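Novice: Here's a structure for you.
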Amino acid sequence: MAGDDGNHNNTGGGGGGGQEEVQIQIAGPSKGATSSTGEAPPHASPVKHWHWWLMVILNMFFLIAGQTASTLLGRFYYNQGGNSKWMSTFIQTAGFPVLLIARVLFRSRSEAATSSPEASTAKITLIYIVLGLIIAADDLMYSYGLLYLPVSTYSLICASQLAFNAVFSYVLNAQKFTPMIFNSVTLLTFSAALLGVDEDSEGSGGVSQGNHVLGFVLTLGASATYSLILSLMQVTFEKVIKRETFSVVLNMQIYTALVATLASLIGLFASGEWKTLEGEMHTFSSGKVSYVMTLLWTAISWQIASVGVVGLIFVVSSLFSNVISTLALPIIPVFAVIFFHDKMDGIKIIAMLMAIWGFISYGYQLYVDDKKSRKTSASAEESS
């Protein structure tokens, strides 16, 4: 999550350069799709349009790279002898302090002048607390899923979040459903369903069939919860905060991650798992230093992924952010086979192809929307 929801970046400064903070222009095709009026978004100038695509590409890179690295490192932690679900949950958001560096670097003197009036502190604080607690619960479900499932199965089930997000986006964000989007959602739903009925799907490290089923259910539940988080974040950006600076994206990530980290820390001590951490470090197959570095880089990778997630929600939409997450599908299973010797049977290959087809379907819809937006803007300019 994360929402993940985590990420660093130079996304905020990617197009800024000077003293002023970048104002993110919501001029992309998907933003028009989320409009409650159904009107095409106003066409940006060539410079703004180029800047918008630069922000999208940078956030896509952060999301894909961070998600792939964090998932593989999370599986490595379990494979080498780690067994604390709460520690795995904790490190998914614990790296958020690195975002304070970006917050300071990209803070500008013109920020107050270029932003809209802020919502009440009490309202924003309540939103951060609620979202943070939901994120902590979501991360815990993902931790159990990654423990009980092979990485390849886990990553493919996570693709179902797009189907859940489409529903939440329709209800909460006024996302329009086109035939291509419906096709994308349907394909990803069947992709996850195939894995659910695959009786030959092997467990991870001798996991029992019961735990394997539990891992599937929890991963599916986590995907649904994650999708809800994305839509709620988009509602917060559009209806409550109403500001278009990158600092807003960072604030959302920092404060919700702070709440989630504190909740995970409480869970770590309340469950008694903290007592096993020293033993884990000493028995970690690749050594103590590897244990510490695995946790550190997993935390950093999650933050990289979260900046990409939240950035794409803000620049485009929650549905688009979720679709981009599926880009890691052909990447994670391949690495899982190479490093963890996961089994890639026919069912998984078919599920992967269906998921990729679903992504291409939605990507084509974005292309069509963007092309239509350009034509509408050109016609409006000619008539004026």
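The backbone N, Cα and C atoms fix where each Cβ goes, and this holds for glycine too.
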Novice: TrEMBL lists transmembrane segment for one of the ranges 129-149, 213-233; which is that range?
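Specialist: The range carrying the transmembrane segment annotation in TrEMBL is 213-233.
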Novice: Under 8 Å between C-beta atoms and at least six residues away from its ends: which parts of the chain pack against the transmembrane segment (153-173)?
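Specialist: For the transmembrane segment (153-173), the list is 34, 71, 75, 145-146, 181, 184-186, 188-189, 191-192, 195-196, 201, 215-216, 219-220, 222-224, 226-228, 230-232, 234-235, 238, 317-319, 322-323, 325-326, 328-329, 332-333, 336, 342, 348, 351-352, 355, 358, 362.
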Novice: For the transmembrane segment (291-316), which recorded stretch in the set 86-106, 180-197, 213-233, 254-271, 347-367 gives the largest number of Cβ pairs separated by under 8 Å?
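Specialist: That would be 86-106.
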Novice: With the transmembrane segment (86-106) as the reference, find which of 52-74, 213-233, 254-271, 347-367 contributes the most Cβ pairs under 8 Å.
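Specialist: Most Cβ pairs under 8 Å with the transmembrane segment (86-106) come from 254-271.
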Novice: Below 8 Å between Cβ atoms, which of the listed ranges 52-74, 180-197, 347-367 makes the most pairs with the transmembrane segment (213-233)?
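Specialist: Against the transmembrane segment (213-233), the leading stretch is 180-197.
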Novice: Are there three or more C-beta pairs under 8 angstroms joining the transmembrane segment (347-367) and the transmembrane segment (180-197), sequence spacing 6 or more?
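Specialist: Yes, since the transmembrane segment (180-197) and the transmembrane segment (347-367) share at least 3 Cβ pairs closer than 8 Å, they count as touching.
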